[in-house]
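One structure is given below, encoded as structure tokens.
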Amino acid sequence: MIVNLKKTCPFWSDDSRCALKDCHVDMCNQDEIPPGLKGSEPTEKKYSKEAQDEDESCEEQKELGALNTTISDSTKEALRNWTKHDDTQETFCELDDDNSSECDYVDLLLNPERYTGYKGPSAHRIWRSIYEENCFKPQEDGSTPYSPQQSLAAVYIRSEMTGLCLEQRTFYRMISGLHTSINLHLSSNYLFQDKLGFGNIKWAPNTEEFLRRFDPVNEEQGPQRLKNLYFAYLVELRALIKAAPYILEEEFYTGNEEEDKDVKSGIRDLLTVIQQAPDQFDESKLFQGDPKEAKKLKEEFRAHFMNVSRIMDCVGCDKCKLWGKLQVQGMGTALKILFSGDQIGPHSTINASQKKKFQLRRTEIVSLFNSFGRLSSSVHSIEKFRHLLS
């Protein structure tokens, strides 16, 4: 996956970088990147000695080769129309610029999501900002606003989200499901080591951590959070079903013909199984009613989720940031799919013939599959913990 982990936090000064070795992300070397992913030559080559010598020999051609950078009014208007077209693509999260020199390729298999030791005020600030500043605020009796001093999750559970419309409840449950999934990954792949930090280390399920986070005896909202995980899973499952005809037409080109063939075959097999699943999430129920109000609510929904994607750049642990960005981007891609196409709702699909109106970048497809994989892994880990605790 290509990702920019060097982006600065747009909301506050990033003063708490994680120094733990388990927070570090191992980047791919140039010779490890498949040729089909590299694209054009690296921009840094333009600063090589050969490039400089070539520039000197071409000095006399500068005048003849000079560009006229004037842009006519008609062209400016066309550019504005292109921007409007891009804005109608219903992007729900901020995507990294794949051509940025700050982007790196990361092998996700070499950087698994697991406990890193990243915690404390920095980690708490991330989730506090997501819940308290970006989730829609419930009103317990229809008039009493949410108080920042209270636990937002507690208010949601106690009030059964009274005062929130379906779309706002959906937003919260997706964020909560994502949060639950991440916590399950950390509990399922926990770091065990000697108290003094010496000796062998072991990564294994931590039943005490699981119970601390999800047992109703310790955490009142634990069971509801697990339900929200299943909800988020069903949302992304529905998105994959809808986008299956589109995805099946993709080449998945990396430059290795044999591996490309295996990947395409594997994705075809997976999507064949997924398409047989019954629909459990109907996106057509969202953003109904008065067209003006529905459009306004949809834009608020999109803006809030976009903000959540930007908050991921504030995570102080590189490995946590990597997986946070990937999973938020995967969920954002799912939302983009669900609310795109000529039709919305059960049995609606998006196919390759609609590429003039709808397109998915390679990064979005990679994020969607990996995000769904993480949610699937979390669902499986619940069963694993049930077995360990039985």
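Glycine too: its Cβ is placed from the backbone N, Cα and C atoms.
These numbers come from a predicted model, not from an experiment.
Copied over from TrEMBL:
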DISULFID  Cys18-Cys23  disulfide bond
REGION    32-59  region 'Disordered'
COMPBIAS  41-51  compositional bias 'Basic and acidic residues'
DISULFID  Cys58-Cys93  disulfide bond
BINDING   Arg114, Thr116, Trp127, Ser176, His179, Arg213  FAD binding site
DISULFID  Cys317-Cys320  disulfide bond
ACT_SITE  Cys317  active site, nucleophile
ACT_SITE  Cys320  active site
Greatest C-beta neighbour count within 10 angstroms, which of the binding-site residues Thr116, Ser176: Ser176
Other C-beta atoms that fall within 10 angstroms of the C-beta of Cys23 (disulfide bond): 19
What is the separation, in Å, between the Cα atoms of His179 (FAD binding site) and Cys93 (disulfide bond)? 17
Alpha-carbon spacing, Ser176 (FAD binding site) to Cys23 (disulfide bond), which is rounded to whole Å: 23
Binding residues Arg114, Thr116, Trp127, Ser176, His179, Arg213 (FAD) - maximum C-alpha distance in whole Å: 21
Whole-number answer please: how many Å between the C-alpha atoms of Cys23 (disulfide bond) and Cys317 (disulfide bond)? 5
Just the number: how many Å between the Cα atoms of Arg114 (FAD binding site) and Cys320 (disulfide bond)? 9
Shortest C-alpha distance to Arg213 (FAD binding site) - which of the disulfide-bonded residues Cys93, Cys317, Cys320: Cys320
Candidates Thr116, Cys317, Cys320 (recorded positions) - the one closest to Cys93 (disulfide bond) by CA: Cys320
CB neighbours within 10 A of Trp127 (FAD binding site), counting all protein chains shown, number 14
Please report the distance from the Cα of Cys317 (disulfide bond) to the Cα of Thr116 (FAD binding site), rounded to the nearest angstrom. 8
